[in-house]
Amino acid sequence: MEAPIIDPLQGDFPEVIEEYLEHGIMKCIAFNRRGTLLAAGCTDGSCIIWDFETRGVAKELRDKECTAAITSVCWSKYGHRILVSASDKSLILWDVLSGEKIAHTTLQHTVLQACLHPGSSTPSICLACPFSSAPMIVDLNTGSTTALPVLTADVSNGATPLSRNKTSDTSVTYSPCNACFNKHGDLVYAGTSKGEILIIDHKNVRVCAIVLVSGGAVIKNVVFSRNGQYMLTNSNDRLIRIYKNLLPPKDGLKMLDELNESFNESDDVEKLKAIGSKCLELLHEFQDSITRVQWKAPCFSGDGEWVIGGAASRGEHKIYIWDRAGHLVKILEGPKEALMDLAWHPVHPIIISVSLTGLVYIWAKDYTENWSAFAPDFKELEENEEYVEREDEFDLVPETEKVKGLDVHEDDEVDVLTVERDSIFSDSDMSQEELCFLPAVPCLDIPEQQDKCVGSCSKLPDGNHSGSPLSVEAGQNGNASNHNSSPLEPMENSTADDTDGVRLKRKRKPSEKGLELQAEKVKKPVKPLKSSGRLSKTNKPVIDPDSSNGVYGDDGSD
Amino acid sequence: MALPPHAAAATAEETDPAAAPYTPYALAKTLAGHKAAISAVKFSPDGNLLASSSADKTLRAYSTASLATLHDFHGHSQGVSDLAFSGDTRLLASASDDKTLRLWDVPTGTLLKTLHGHTNYAFCVNFNPHSNLLVSGSFDETVRVWDVKSGKCLKVLPAHSDPVTAVDFNHGGTMIVSSSYDGLCRIWDASTGHCMKTLIDDENPPVSFVKFSPNGKFILVGTLDNTLRLWNISTGKFIKTYTGHDNSKFCISASFSVTNGKYVVSGSEDKCVYLWELQTRKIVQKLEGHTDAVISVACHPTENMIASGALGDDKCVKIWTQEKD
């Protein structure tokens, strides 16, 4: 962070719904690397890119040909490309800045999840996990696919390279098998239906290691933390398991080869299992032993300190938060709509959840005003402190006042130019330009609406946002309390009734002082000291140009 | 209207012998055209354009290369107090006594958007570095954050108890600083709108101007007791003081000049532009030529060029450059 005065908010977790985003029916979401843009795939085949700072729609990626519901969204490393998989078996690669389609591939099966190769800024390959066959590497330029070996039978074939389209020969039907790239992109970690994690070198299409997950239940999700050091699996036995990645970040393949050399097992499978035991270390298992709920869309927080998982129950919207030591710290409850997807912001303690109705809820910390920030002389105390007076407190001329000096060393050198490097994104390759923001082109005002606004700008806005889902206390009772706060000042100048209604549900009342001013239509005797010649003669007193004291009248009245 | 070009400005009162010999600035051109006092001058981030706002309700854009007037922006119903360029130089934002902020398209000179919300004069405005947010301060004592694309007011910060005189984003767009006649400078978290810090000295003279340093660690604060101070944000103490100029009535803006040595530049009510060396705090030059108080100065981002604008008796923008050897 740039200045140490901003609290390091990492390590904290959100508590309440702050806002929700609405635009069509969204199904899946993904943040870009810095969390400045949020991509959401919709049921009508379009991909919406939200500017997370303004909570407004920055861009819509839409194509006439692509109308099937989107099943997953993935950003490229520096945010230039987005890969979208749709339910009509297609994969589409978009260029974010221009909004143009770069590639369109149709596969044999609908892909449930597709990830772009995380290593480069313009990736040409992606990993696709189809609904009913093994995960495959798809080359987006040529459209060719390479299935990855995920059956133990494939593995024990040893060094024979697998032919393509092997999946069509086998008669075994797989349950959805999930896989993901590691951080560097040279290895694919696949979770199989037998409860194994296979570490696959996708370039040479060979399995390098096998890790057995206890219980052997079908693995539904495999997810890495942002720094690649931790991994989690979500299995059918209702357990989320956290692993530590023991392989080095960049030289994973090299270490695997070294391990291969060092082990002398005769059986290939046994050898791979032995290597596997050196690659991942099981840290914890999370489950809800009371409700025995299945998990959906588990993921790590941006710094890897927290793990969240959504409860896959139909009538409720529950998000469980654990810390990496294994303790359940919070259960967030939202409105009674099933949860479809979850994401944690890469930097801030913000969680995004997608509900069945297509709304995206933004969960953030419940902020309590830090009063000492407003008045630096005051210190906030946790409890009463006994006051101990100074030795010279009651002296007529206290010593301490006599020795008052300005301890300002004004001759010290001051550096106003050097900018500190952002430590959070230490892996950013400075040679690559990252796409953090889409240029904001203001929507033109509609002339008729302008007149309407001028007349109404001093009135309080009517509470016409009452019908929306509400900010909810994160508690066990899940009561949907109506925080229909009336001072929705920000909405009063809606010059265009956009369809992307961003409802601002602020828990904290903004600017009561501002409201007072609005209500009273204050006309203070103002002296706009910048220039003297332009006061409107109708309602303000004329400035006396000779007045030497330009200080505003009520200085220090509060 | 045009004033006769003035001769070279008065030389320094004290020159610092240790540093490289200081090349004085001299008047290059006087740009007349506004019909009332100038309130602000700013260079565009790419350095190609200069814009000025005035009490005559208009803004003007000039090319810095030719110093010809490119566009006149009409639309405000009252005088304009401040303006700001967007990061890509495509947009110009202005704050006016008609309580609105307006967004203008620079290449064509047309009005794009009017932002309503303030309940009193809008006094100061600035874009964030990515130019998707606008921050404004007003006589209604609030600071507002606006979404550039839709024009909606995203946040209203209950910033001060007196008119807000200046607002600025830091280099990363994460913090907002605001200053006010109540004597306080407050630092806000741009994404949440929460107050992070309040900077106040023992005496609290009205603060007329505030701006972040290029690296966001310091703020340059102008107060109506003829003083400019450089504050360290994290310690909350000021570390440099610059005096010698007159500033007790107007909200005079100041700037950092970093293209050829590090200086602080400010206007003054004694009709001169002052330049201090950043580290030693000595006045290195006083630029004379205006015939009224100099209300605003701006430094070109890459060239050694300073622009200054003055009040009603002068109504001109003057461009000063360093003489080439």
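Including glycine, each Cβ sits where the backbone N, Cα and C put it.
Unlike curated entries, TrEMBL annotations are predicted automatically.
Per TrEMBL, domain 'WDR5-like beta-propeller' is recorded for B:30-321.
Here TrEMBL flags B:31-72 (among others) as repeat 'WD'. Long-range Cβ contacts of the repeat 'WD' (B:31-72) within its own chain (Cβ-Cβ under 8 Å, at least 6 residues beyond either end) map to 1-3, 78-85, 87-89, 92, 94, 96, 104, 106, 108-109, 253, 292, 295-303, 305, 307-312, 314-319.
Look at TrEMBL and you will find B:73-114 (among others) tagged as repeat 'WD'. For the repeat 'WD' (B:73-114), the model's pLDDT averages out at 92.
For the repeat 'WD' (B:115-156), the residues of the chain that approach it from at least six positions outside its boundaries are 78, 81-88, 91, 93-97, 99-103, 162-169, 171-173, 176, 178, 180, 188, 190, 193, 251, judged by C-beta separation under 8 angstroms. Sequence annotations record features per position, and here TrEMBL assigns repeat 'WD' to B:115-156 (among others).
Residues or ranges marked as repeat 'WD' in TrEMBL: B:157-198 (among others).
Beyond the repeat 'WD' (B:200-241), the same-chain residues lying 6 or more positions past its ends with a Cβ under 8 Å from any Cβ of the stretch are 162, 165-172, 175, 177-185, 187, 247-256, 258, 264, 266, 276, 278-279, 281. Taken from TrEMBL, the feature repeat 'WD' covers B:200-241 (among others).
The annotation repeat 'WD' is assigned in TrEMBL to B:242-286 (among others).
DSSP labels the residues of the repeat 'WD' (B:115-156) in these numbers: 0 helix, 22 strand, 20 coil. Helix, strand and coil residue tallies for the repeat 'WD' (B:157-198), in that order: 0 helix, 22 strand, 20 coil [DSSP].
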